[in-house]
Amino acid sequence: MHNQREHAIFVERCLLASHVRRRSLGAKRHHHSGLLCPQECDQSRGILLRRHGERLPHDQAAERRRDHRHDQTGWVSTECSQVSRNRPHSGGLPGHTLPGSEYQRHLRRNEAKTLEDDVSTQGLDHRLFDYSYNWLILGANLSDSVRSLNDSGFSVVTDFVITVPEEEPNYVLYDVYNHFKVRGGALNITRLGTWSEMKGLEVFLTEPKIIRRRNFQGIRTKVIGIVLNRPKNEVSLLEYLERDKLEIMDNWPKFGFTILSHVASIYNFSMEAIEIDHWEKNDSLGPVMGALKRNVADLAYYPSILTHERYGHGRVILQQWPTRTCFMFRTIPAEKMKTWVILKPFALDTWCSILALVVIIIFVLSFILKLEHASDYSYSVSALVAIAALCQQGFPSLSEQSASRMALIQITVFGLLVYNYYNAAIVSARLNEPLHKMNDSLYSLAHSKIKLGAEPNVFFNFLLRNARPDVQYFKRYWNDLPDAGKFISIEDGVQRMKKGGFAFHADPDDIYPSIDLEFDKQMICQLTEVHLLQPSELGLWSNLRSHLHEISKIAMIRISTSGIRRREVRRRQARKPYCPTEEIFVSSVTIYEVAPMLILLLFGMALALFVFGIENLMFRFMHSQRKKDVLPLKRDKPLPKGKAPAKKRVSLAQPKKNALSKNAPTTKR
């Protein structure tokens with residue numbers, strides 16, 4: 001409203017100055033068609049171009065007398081040149097001159113024609129007919145002023161008013177615009193208002209210009225995008241982009257075309273879709289940007305990433321499509337052997353307390369057995385009994401006394417409690433053990449040395465050109481990998497992800513449906529993502545001189561605020577596979593988890609074999625020493641053949657009567 005009020009003040013001042021000037025000249029009409037506006041000058045007229053928000057003081061025209069074509073303030077004017085009183089040569093025969101009045105009319109016509117050409121050229125090159133400028137043209141009559149216009153640079157946002165005198169002292173203002181001349185638009189001239197000395201400025205068209213000009217009358221515009229998976233011989237491009245069939249490919253161009261279709265419906269224009277099915281390897285900006293720079297198309301229905309380099313090829317209308325790309329892989333628990341997992345159930349102070357109690361048990365049990373005169377009351381036997389009780393194993397009965405039995409019962413209860421607490425801690429830890437997923441970092445992904453692959457997307461190499469340090473670090477790691485197997489299909493990538501140990505890069509909208517079908521719930525919960533393209537919003541673009549840029553921005557804002565954009569995003573984006581976090585998944589114990597127990601068993605077996613070997617060597621050594629100390633017995637000579645051995649006489653010695661052994665006990669009568 002503030003700008004409209006200033007605009008009205010500006011127009012009224014210009015018309016008042018023109019009216020005063022006409023009266024001072026005796027109401028003599030000057031037939032100058034073209035881009036003319038009154039200046040505080042006696043001999044010529046100029047054109048005045050005012051930027052939005054710039055005030056126009058009454059005496060500001062005096063400050064604009066210097067000659068300038070297009071300066072930073074946004075003014076374009078001609079110098080109020082003085083007409084020479086001398087009549088110079090006409091440029092024809094030598095010495096031939098023109099009369100004064102005829103010469104002045106000829107000079108003014110040339111100046112007006114030159115000014116019109118300059119303004120038309122600058123208007124196309126510098127976009128002088130967009131939102132930033134308001135034009136007020138003073139002409140002798142409407143037909144001559146319109147005939148001199150070059151409306152190639154006009155658009156729906158052009159603020160171009162032609163003022164012509166109607167009846168002294170009245171003026172009529174006409175609103176002039178063209179939707180899109182290059183695409184078949186026609187010049188529109190509408191009566192905007194009137195001005196008179198008595199009533200001042202009266203404006204008839206009070207609606208915003210975008211609203212009253214929104215009907216583009218079905219002009220045909222061109223839109224362009226990248227489409228890779230359309231079956232060429234089965235369906236047309238327009239049908240492929242518009243159909244509601246649930247497909248997981250080409251979501252980006254389908255979404256962009258749908259949004260532009262809503263824009264076309266709002267402003268009543270049609271679209272001719274152009275398809276691009278390849279991306280050159282050395283093209284760093286993409287084929288869509290190149291087409292926009294060459295003015296092949298007016299709008300792009302393929303959402304593209306916003307970069308500084310692309311701003312020189314097109315203009316961003318609005319960010320519309322949320323997207324991201326990432327490497328996906330399964331985080332499988334216990335991929336490495338956990339050496340100290342057998343000690344994890346109890347804290348360090350708990351283990352110290354148990355060890356101290358075991359030592360006390362050994363000493364107390366050995367002391368009790370010694371007091372009970374047990375056959376074996378050594379510390380080794382007591383230690384064996386304590387360890388057997390802790391491990392819930394059997395132990396021998398060393399004594400039948402009450403004290404030792406009570407001690408054994410207490411040891412058994414103590415071992416039972418420790419054993420159950422230990423088992424419960426292990427089971428609870430396995431059930432509630434969180435997945436230690438990798439950080440969302442390309443550094444971590446490169447350091448993990450996991451096998452990598454990627455979907456053959458046209459924008460993958462473009463993503464690797466990102467100047468972020470982590471992307472450049474990963475790019476060097478990616479380039480060092482062998483080319484064979486780098487790019488594979490989504491189906492093969494999902495199958496390799498399912499086996500584990502493989503990270504696959506893809507657009508989530510393309511791969512999520514396959515993951516939802518192939519993975520079970522536990523695999524889905526194990527899914528880990530490392531982003532190459534961080535979550536961002538891609539923009540829809542127009543070419544640098546597009547006449548549809550401003551109206552598309554307004555329409556997309558309306559589409560976003562009304563919820564249509566959110567609906568289309570949900571329609572085109574794939575649903576992320578659901579992970580039921582409230583469920584507990586029980587998996588088999590892997591070799592990585594059992595390995596510490598097996599190592600402990602092997603260590604015990606090796607220690608037992610080592611002790612057995614030492615004992616065997618010591619036994620053999622001691623047995624050999626004992627043989628050396630014992631003399632060999634004399635053997636009889638061998639008998640000749642045919643002779644029987646002589647019989648030896650054996651005499652039995654009878655004990656003497658009343659002879660008793662020294663050790664025999666005697667009894668007294």
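First residue shown is number 1, and so on along the chain.
Glycine too: its Cβ is placed from the backbone N, Cα and C atoms.
Caution: TrEMBL annotation is automatic and unverified by curators.
According to TrEMBL, the compositional bias 'Basic and acidic residues' annotation covers 54-72. Summarising the annotation, TrEMBL assigns region 'Disordered' to 54-103, 632-669. Annotation comment: TrEMBL describes 74-85, 660-669 as compositional bias 'Polar residues'. Annotation source TrEMBL lists domain 'Ionotropic receptor 75a N-terminal' at 119-222. As annotated by TrEMBL, transmembrane segment applies to 346-371, 407-422, 597-619.
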Within the same chain, where does the transmembrane segment (407-422) have neighbours whose Cβ lies under 8 angstroms from its own Cβ atoms, ignoring anything closer than 6 residues to its ends? I mean 6 or more beyond.
345-346, 354, 357, 361, 364-365, 368, 385-386, 388-392, 395
State the non-local partners of the transmembrane segment (597-619) in its own chain: residues 6+ outside its ends, Cβ under 8 Å from one of its Cβ atoms.
342
Grab the pLDDT values for the domain 'Ionotropic receptor 75a N-terminal' (119-222) and give me their mean, rounded.
85
Please list, for the domain 'Ionotropic receptor 75a N-terminal' (119-222), how many residues fall into helix, strand and coil according to DSSP.
20 helix, 37 strand, 47 coil
